[in-house]
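Quick look at what Swiss-Prot annotates:
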BINDING   GLY305, ALA306, ALA307, THR308, GLY309, SER310, GLY311, GLY312, GLU313, ILE314, ARG315, ASP316, ALA676, SER886  ATP binding site
REGION    305-328  region 'Disordered'
BINDING   ASP677, GLU716, ASN720, ASP884  Mg(2+) binding site
DOMAIN    1040-1293  domain 'Glutamine amidotransferase type-1'
ACT_SITE  CYS1133  active site, nucleophile
ACT_SITE  HIS1258  active site
ACT_SITE  GLU1260  active site
Amino acid sequence: MEIIRGAPALSTFRVQKLMEACVNAALPVRQIYAEYVHLADLSELLETNEREQLEKILTYGPAIEAHTPQGLLLFVTPRPGTISPWSSKATDIAHNCGLGKVKRLERGVAYYVESDTLTVEQQQTLKGLLHDRMVEVVLDDFAKADVLFKRTEPAPFKSVNVLAEGRRALEVANVEMGLALAEDEIDYLVENFVRLNRNPNDIELMMFAQANSEHCRHKIFNADWTIDGEAQPKSLFKMIKNTFETTPDHVLSAYKDNAAVMEGSVAGRFFPDPNGVYSYHTEPMHVLMKVETHNHPTAISPYPGAATGSGGEIRDEGATGRGSKPKAGLTGFSVSNLKIPGFVQPWEGSYGKPDRIVSALEIMTEGPLGGAAFNNEFGRPALLGYFRTYEQEVSSHNGVEVRGYHKPIMLAGGLGNIREEHVQKGEITVGAKLIVLGGPAMNIGLGGGAASSMASGQSSEDLDFASVQRENPEMERRCQEVIDRCWQLGDKNPIQFIHDVGAGGLSNAFPELVNDGGRGGIFNLRNVPSDEPGMSPLEIWCNESQERYVLSVAAEDLPLFTAICERERAPFAVVGEATQEQHLTLADSHFDNNPIDLPLEVLLGKAPKMSRNVVSAKAVSPALEQSNIDVKEAVKRILSLPTVADKTFLITIGDRTVTGLVNRDQMVGPWQVPVADCAVTAASFDTYAGEAMSMGERTPLALLDFGASARMAVAESIMNIAGADIGSFKRIKLSANWMSAAGHPGEDAGLYEAVKAVGEELCPELSLTIPVGKDSMSMKTAWQQDGANKTVTAPMSLVISAFGVVQDIRNTVTPELRSDKGETSLLLVDLGAGKNRLGGSCLAQVYGELGDIAPDLDDAALLRGFFETMQKLVAKKSVIAYHDRSDGGLFTTLVEMAFAGNTGLAIDLSALQGTDVERLFNEELGGVLQVSRADAELIAAQFAQAGVPCHMIGSLANDQRVTIKDGAREVFSETRVALRTLWSETTYRMQALRDNPACALEEFKLKQDKTDLGLTVNLSFDPSEDVAAPYILKGAAPKMAILREQGVNSHVEMAAAFDRAGFESRDVHMSDILSGRISLEEFQGLVACGGFSYGDVLGAGEGWAKSILFNERARDEFSRFFERDSSFALGVCNGCQMLSNLKEIIPGSEHWPRFVRNRSERFEARFSLVEVQQSPSLFFQGMAGSRMPIAVSHGEGHAEFASAQALALAEASGTIALRFVNGNGEIATQYPQNPNGSPNGLTGICTTDGRVTLMMPHPERVFRTVANSWHPDNWGEDSPWMRMFRNARVNLG
């Protein structure tokens, strides 16, 4: 084992935060220094030149410190027996650079702690601050790290002696293995193995437990129900299916695959043919949808829990039909009170929590980062979400008790597209190869399906930890590229049948695959790729290692499939063959035995059906006491409630522009305020048709009325999607995620009531279908504290996600109030019809109460009338702005619209009934519309004609104040800036805790700056002019290499931009160049695309660059290309970072910087303002002086120069091509207008001859006007960024 020092691991402010944590823990620590240390497992000693090459590969990030560190060494490494994603990708780079003697690279962080002598207890406390016990260990000596590379002998399976010891043997195994088997399931297994006359093996029991867990089998939703002594006619699932039976319209696949599919639009699908040439293929682009939860793992270890939750849902989408394409994501979190240090709110009590789960604050600090990081690296935009905090002692259905989300909801979902011929699974032919695609088996995530089916507190802590998985999104991206290549082949697609590997690992996935295909299978255990040879058969078969799919491929198609995988560098293995007989055999060649030998029907067939005999309960809760509520104080509290407050800290960490197909994300208007009601995507680059998603959830209402909570969730999702141009209810399909504390008094009957309200009544009445969903039935946390039994039980929680097909994405209405549209009026549509019920509201919550009566959708006709009227208005462009009324009531709706439009309001409540508090803060269904004053009465009359109450409530005000009156009486008045400050303080506090606090403060101050102009546009050219048109007509299109490495994810939109400019865009993978299949000699131009090559493990873009510099063939190819006078190149984002590391082979690039970690130390996804500079760059000719917004999505975009002199030389060279600026056109020095902290706002630079240009922002994602989060009304189809690509075509003549 070689040990190689690396760069400092922590920035100054990270060290400072660590020191503060030490002080808070009363540790006598004076100083901490941390640096990366690399470990190389070698097959033989390296030669001197090889050692030097390895050291160069492992040189990245900040400069390595020259000093010898002092103090107590605490060396944090990945847990022995696991292989970190960093390791697998860094090892790939070493191999691609020709270092075959490197068996494996691994990395740890060496902490050197200078302190007074620490007691054993203090050392344990310190270790707790330095490592994540879920995935890491702390060593006191570098030499001890060789345990990471230790190989152990495989362990055999174990049998459970049922034949001799009977049922008792299985009862003991059930507890010891954490199988969560029910009594009747134990009977079933004993009976079947006695019949088979053999003992079950541990692997078979674990496989059965996973396949039949509540998590996988949804026993409660399929159960027979008796409520209050009366047998119920339908199961929960049958009531959900009733929505499909009533309205099957436009549904192509429901209840039988990894996701549901509905009919989409016809558009030109853009992808490369088998020769790599991109083009449009006009065809139906059907829409798939799925929403998952990952609650249990997120409670234990939020980052990997949320990351793998997102990853699993993305795999569900990709594994739909015979392979499909995930497109856009949504997310959601429900947690208990945050109790932010220094910002604890009056309603946040201190009830405690068990040690084995983390706090709500930790979940919301780490969980969203995990989910966002996975989506970012995979390359799926995260466009929609919800966030609720709830934890309160209330009088509900079970009397007075604490209700809340100690067991959180972590929701991950999204939509994708699928080809018509691939919607249905194919036939698994007898003899077909059964394949696992993706990463290796690792000893992690054991028993996740069974563990998540228990209430938190029933399983032991070790089992809890074992049931959390780890994430490697770059591997999943590679697998998705394989799936993409397969579906792009149309009827020649080699995939017959595909499933993702999720709960239960291969033990659930392979049996499900063959069973669903009507086949059996013979498998060889030792063919499963595994990085841990000491694993037992159970661990190999049942672990939940992520980023894996199982699929069947006909034997004759195996060479084609193999070639695709090798090109994409996606690992795969043939593990078995499909058989005619529905029997499952798993052979182990190492021990020469069969750990599994079972008829499939024993595993998946006739397991006992559950019966639920339950009693209903009625909630009795006093009315909300209004007499002590002051409107001004209520405003302060409600705007500080995380459910209502600014959610920037959850949004800017997630890429929202990747694919180039995003039309509407969470951010709205020139000031990019996160208040959007729905997300909208374009179907493709050649159409205005698209897709929309929204969410709805009103979970606290269930503490008063289960049915109302469910109806309001459905209704809210419709109110949120109503601003998109969809047309008909029948074009909207819903996903329903049901969370409940099954077995808790009153909850089971309440769940039945809620499902019935939606499945049997509301949805059929509105022609809405629920073709997909998920349930999580163990939403209760129990523990002991100071000798007392404590519980926190979640409300019954229904989260609805609505998916619609959009007719014209240009018609989408957002909450941005417009002060440039002449005289306008604000209308309130009130579906609550003046009832003003306050039960379960945010107002009640912030005063520590629940209230007595929940708001409800009393008549479905009200929602139908509203939606149909709204859709006519949207299609005619009669609505200027729209925002629904929900959490925080009318007051919140109005001020959020004011924030988005940067305007004041003059509101008059006199048309509304009730007290001030009721009128402002009730959360009945409704919405506010801004319309032209000339149209206001006519529009109000249209709503009235549809049976929907509609009131004039005011207009915009020029004084930047929000003033609310009741006739002449002033009810409330405050400046917009003061309200925005209140609303944004929660996100500021969270950002300051999690990110660079200096950046967080700068952003908070910018939100309070009345003079901030937001995004502005000033162009020096006409964007509607196509300067390339004369050249395109000349004949053959010049060839453009659309270059990607493993992990790159922005290549398709880049190909589309160059295609529109008249180039032949060709897909070129680095493996094509390294293998010699393709030469750069063929191309006039090259573009290195954005993404996460090798997951950015050796510095962003650096691993990619080193695989070129240290590979003879690649270095030669690229050197020759850059030396050619006629060639040109563009590097964007990851491609920019990569090319900046190729300075030694790019003429005229000596002055270039390298790109390092953003100043905020956070991935930044922003829509930022830049100005084009005067430079020789061929891409920016004729554009100098133009100021316009552009998509920014990166974690390492800070331009770092070797010295101040080097920066001065770069400035003097005249090659700076782009700078971040503010709305006045001044160089942006403050965050977030300068999102990465680069000196002088630098974000684009070129060679001295202008042939090679680097830029961190993404012009390819915004070359269409509709892909810009905000733009002036007068822009046409092409945004100004299209000029760049056309300039490249003009340059070639």
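Cβ atoms are placed via backbone N, Cα and C, with glycine included.
Feature annotations (Swiss-Prot) mapped to structure.
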residue : record                   : Cβ within 10 Å
GLY305  : ATP binding site         : 28
GLY309  : ATP binding site         : 28
GLY311  : ATP binding site         : 31
ARG315  : ATP binding site         : 30
ALA676  : ATP binding site         : 26
ASP677  : Mg(2+) binding site      : 28
GLU716  : Mg(2+) binding site      : 26
ASP884  : Mg(2+) binding site      : 25
CYS1133 : active site, nucleophile : 32
HIS1258 : active site              : 25
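Among the recorded positions ALA307, GLU313, ASN720, CYS1133, the ones whose Cα sits within 10 Å of the Cα of HIS1258 (active site) are CYS1133, in sequence order. According to DSSP, ASN720 (Mg(2+) binding site) is assigned to a helical segment. Taking the mean position of the Cβ atoms of ASP677, GLU716, ASN720, ASP884 as the Mg(2+) site, the remaining residues of that chain whose Cβ falls within 8 Å of it are CYS678, SER694, GLY696, SER717, ILE718, MET719, ILE721, ALA722, HIS883, SER886, GLY927. ASP677 (Mg(2+) binding site) and GLY309 (ATP binding site) are 24 Å apart (CA-CA, integer value). Here the C-alpha separation of GLY305 (ATP binding site) and GLU716 (Mg(2+) binding site) works out to 28 Å.
Inclusion criterion for the recorded positions ALA307, GLY311, ARG315, ALA676, CYS1133, GLU1260: a C-alpha placed within 10 angstroms of the C-alpha of ASN720 (Mg(2+) binding site); this criterion is met by ALA676. Taken residue by residue with DSSP, GLY311 (ATP binding site) is part of a helix.
Sequence-distant neighbours of ALA307 (ATP binding site) (same chain, six or more apart, CB under 8 Å from its CB) are GLY370, GLY371, ALA373, PHE374, GLU471, PRO473, listed in sequence order.
Candidate recorded positions: GLY311, GLU313, ARG315, ALA676, CYS1133. Nearest to GLU716 (Mg(2+) binding site) by Cα distance: ALA676.
Of all the recorded positions in the list ARG315, ASP677, ASP884, GLU1260, the shortest Cα-Cα distance to CYS1133 (active site, nucleophile) is found for GLU1260. Binding-site extent for ATP: residues GLY305, ALA306, ALA307, THR308, GLY309, SER310, GLY311, GLY312, GLU313, ILE314, ARG315, ASP316, ALA676, SER886, maximum pairwise Cα distance 33 Å (rounded to the nearest whole number). DSSP assigns HIS1258 (active site) to a strand segment in the three-state reduction.
Taking Cβ-Cβ distances under 8 Å and a sequence gap of 6 or more within the same chain, the neighbours of GLU313 (ATP binding site) are LYS290, VAL291, GLU292, GLY329, ALA412, GLY413, GLY414. Cβ neighbour count for ASN720 (Mg(2+) binding site): 26 (other Cβ atoms within 10 Å of its Cβ, all protein chains included). Break the region 'Disordered' (305-328) down by DSSP state and the numbers are 14 helix, 4 strand, 6 coil.
On its own chain, GLU1260 (active site) has GLY660, SER1050, GLU1053, MET1054, ALA1056, ALA1057, CYS1089, VAL1132, TRP1281, PHE1285 as residues at least 6 apart in sequence with a Cβ closer than 8 Å to its own Cβ. Rounded to a whole value, the Cα-Cα separation of GLY311 (ATP binding site) and ASP677 (Mg(2+) binding site) is 25 Å. Predicted-model confidence for the domain 'Glutamine amidotransferase type-1' (1040-1293) is 97, expressed as mean pLDDT. ARG315 (ATP binding site) is 26 Å away from ASP677 (Mg(2+) binding site) when you measure Cα to Cα.
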